[in-house]
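Before we start, here is the structure in question, set down as structure tokens.
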Amino acid sequence: VIIIAVLFLTACQLTTAETSSRGKQKHRALRSTDKNSKLTRGCTPPGGACGGHAHCCSQSCDILASTCNA
């Protein structure tokens, strides 16, 4: 009887985990779309602010001044 109960509970957990992962997959797709839209935005011109994730048009960020190089 105990073995049957354990198998039943395991099956319930697997079914719940599968359903949850499907919901998360939708959110992952949305996050991926959001990330792609950020990557397609325009670059920061020289003198503009840049940081750890610089998107400078010149591909060069002066970390000390936190500005994009020319």
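Cβ atoms here come from the backbone N, Cα and C positions, even for glycine.
Per Swiss-Prot, the features are:
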DISULFID  CYS43-CYS57  disulfide bond
DISULFID  CYS50-CYS61  disulfide bond
DISULFID  CYS56-CYS68  disulfide bond
REGION    20-41  region 'Disordered'
SIGNAL    1-17  signal peptide
For CYS43 (disulfide bond), which of the disulfide-bonded residues CYS50, CYS56, CYS61, CYS68 has the nearest Cα in space?
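For CYS43 (disulfide bond), the spatially nearest of the disulfide-bonded residues is CYS56.
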If you measure from the C-alpha of CYS50 (disulfide bond), which of the disulfide-bonded residues CYS56, CYS57, CYS68 fall inside 10 Å?
CYS56, CYS68
Between CYS61 (disulfide bond) and CYS68 (disulfide bond), how many Å separate their Cα atoms?
4
Run through the Cβ atoms and count how many others sit within 10 Å of the one on CYS68 (disulfide bond).
22
Is it possible to get the count of other C-beta atoms within 10 angstroms of the C-beta of CYS61 (disulfide bond)?
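Total other Cβ atoms inside 10 Å, all chains included: 21.
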Using Cβ-Cβ distances, find the residues under 8 Å from CYS56 (disulfide bond) that belong to the same chain and are at least 6 apart in sequence, listing them in sequence order.
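Sequence-distant Cβ neighbours: CYS43, THR44, PRO46, GLY48, CYS50, CYS68, ASN69.
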Around the C-beta of CYS50 (disulfide bond), how many further C-beta atoms are within 10 angstroms, looking at every protein chain?
21
Including all protein chains displayed, how many Cβ atoms other than that of CYS57 (disulfide bond) lie within 10 Å of its Cβ?
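A 10 Å sphere around the Cβ of CYS57 (disulfide bond) contains 14 other Cβ atoms.
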According to DSSP, does CYS68 (disulfide bond) sit in a helix, a strand, or coil?
strand
